[in-house]
Amino acid sequence: MIIYDSILKQKVEFKPIREYEANIYVCGPTVYDDAHLGHAKSSISFDLLRRTLKSLGYKVKFIKNFTDIDDKILKKMSQTGKSLEDITNHYISRYKADMYALNVADADIEPKATTSLTSIINYITTLFENGWAYKIDDGIYFDTSKDDKYLSLSGRKDENLIARVASKDEKKDEKDFVLWKFDENWYDSPFGRGRPGWHSECVAMIKDHFCGSCEFEIDIHAGGADLLFPHHENEAAQCRCAYNKNLAKYWMHNGFVQVNNEKMSKSLGNSFFIKDALELVPGEALRFYLMSSHYRANFNYDIDDLKSSKKRLDKIYRLKKRLIGVKTSKTDAKFKKDILDAMSDDLNISVALAILDEMVNNANAKLDNEPKNRDFKQILVSNLEFVKELLGILYIDEFKWFQWGVDDSLKQEISVLIDQRNMAKKDKNFILADQIRDKLTNMDISIMDTPNGTMWEKV
């Protein structure tokens with residue numbers, strides 16, 4: 001497996017700490033609002049990484065956290081009058097529903113900041129007692145001047161930092177960042193009541209759930225490119241100082257999602273929520289669209305491109321529909337190798353999808369000439385099952401896929417007409433059966449009689 005290491009800024013061979021085991025930590029969302037397409041892009045990108053490693057035979061341990069106490073959440077509490085738990089539980093539930101729609105599997109462990117407080121406090125205590133942190137009026141801060149490797153992760157220069165760090169007169173240095181914010185409304189600690197700073201959460205969670213036994217805590221730390229500085233830089237600094245080891249052997253970052261070629265963000269007011277996109281296409285089509293460009297590339301969201309991407313996926317589902325009732329056999333070894341080789345090259349999705357498109361085109365051509373070639377059909381079913389597990393698509397029933405967007409009242413009317421047609425056929429009233437089929441055709445509904453009954457789709 002070849003991956004791109006954000007720190008070395010080059011592709012490298014993935015050599016895990018323990019052979020054929022991959023320990024991965026991905027920074028999850030701060031849960032104060034609905035998830036946007038940036039969250040979707042990141043989640044899909046590293047879901048593809050996880051699936052690829054599993055397909056290569058790796059045992060993968062995958063952790064994604066939830067930041068469930070933060071300034072933005074406190075602001076939401078003030079605006080709504082709701083409790084911290086009500087807000088965060090609500091948005092965690094919404095986030096998980098969005099991920100389910102995108103076929104992004106739950107992480108193996110999903111720690112929250114509020115359930116990791118003991119570890120976070122112990123970890124900050126280690127930094128404070130060993131001189132890596134200091135206390136001022138509003139909290140405990142990490143002293144970046146004590147870490148001679150600070151900025152080695154992001155490669156930034158001091159003069160380029162001011163726009164991305166919080167300024168405070170009492171800090172020893174602009175780069176210093178808060179580990180614990182004093183606040184009488186929250187949690188007890190040896191330093192005083194308060195709550196953890198954002199940058200102090202992930203290292204404690206990684207230490208809790210991985211406990212690396214060598215110079216690295218984990219194999220891969222991943223997240224959006226906007227997290228490289230300051231978040232990941234600050235995490236790496238804390239781990240070096242607290243435990244005298246590197247946090248991760250490899251760092252991977254996905255590109256930005258843009259709208260009109262501007263970075264999408266809530267602060268710019270141009271966020272596009274996942275739930276809004278799911279009004280336009282099925283979740284799997286949104287997944288297919290967002291993963292269709294390389295994970296490291298910036299992605300410009302366009303509604304027309306989204307709809308075109310669904311049509312590309314429609315074609316694969318139409319092949320799946322031609323294989324109804326066919327059992328699996330062995331996957332085409334060359335197809336499996338070629339598509340897995342592409343994904344093993346730093347998740348080269350463009351090549352992988354080109355291979356998939358070619359397989360679909362060739363399959364349709366051969367089925368047109370050999371519609372009863374069962375051995376070939378069985379290989380195709382196996383190919384599509386492999387694609388399902390590797391790329392996270394083709395989970396939906398092939399007819400239900402083409403029923404998306406049809407409202408419930410029309411579905412009910414179609415069901416009644418199909419029942420009437422089946423009864424007419426049973427009574428050998430084939431003229432009436434044909435009339436009902438014609439009526440459905442005029443409604444842009446195509447029907448197909450299968451061993452499992454009469455199926456329909458929206459044309």
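Cβ coordinates come from backbone N, Cα and C, glycine included.
Since we're looking at a predicted model, the values are computed, not measured.
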Item to check | Which range of 78-82, 168-172, 263-267, 408-412 is motif ''KMSKS' region', per Swiss-Prot | outcome: 263-267
Item to check | motif ''HIGH' region' according to Swiss-Prot, located in which of 29-39, 51-61, 194-204 | outcome: 29-39
Item to check | Cβ-Cβ distance under 8 Å to E235 (Zn(2+) binding site), same chain, at least six residues away | outcome: H199, C202, V203, H221, L247
Checklist entry - Against which stretches of its own chain does the motif ''HIGH' region' (29-39) lie, if we need a Cβ under 8 Å and a gap of at least six residues from its ends? => result 66-68, 70, 72-73, 75-76, 87-88, 91-92, 94-95, 98, 198, 224, 256-257, 264-266, 271-275, 277, 290, 301
Next on the checklist: Can you check which residue among the binding-site residues C27, C202 has the largest number of Cβ atoms within 10 Å of its own?
Outcome noted: C202
Item to check | Cβ-based neighbourhood (8 Å from the centroid) of the Zn(2+) site, residues C27, C202, H231, E235 excluded | outcome: W198, H199, E201, V203, H221, G223, L227, H232, N234
Item to check | Helix, strand and coil residues within the motif ''HIGH' region' (29-39) as assigned by DSSP | outcome: 3 helix, 2 strand, 6 coil
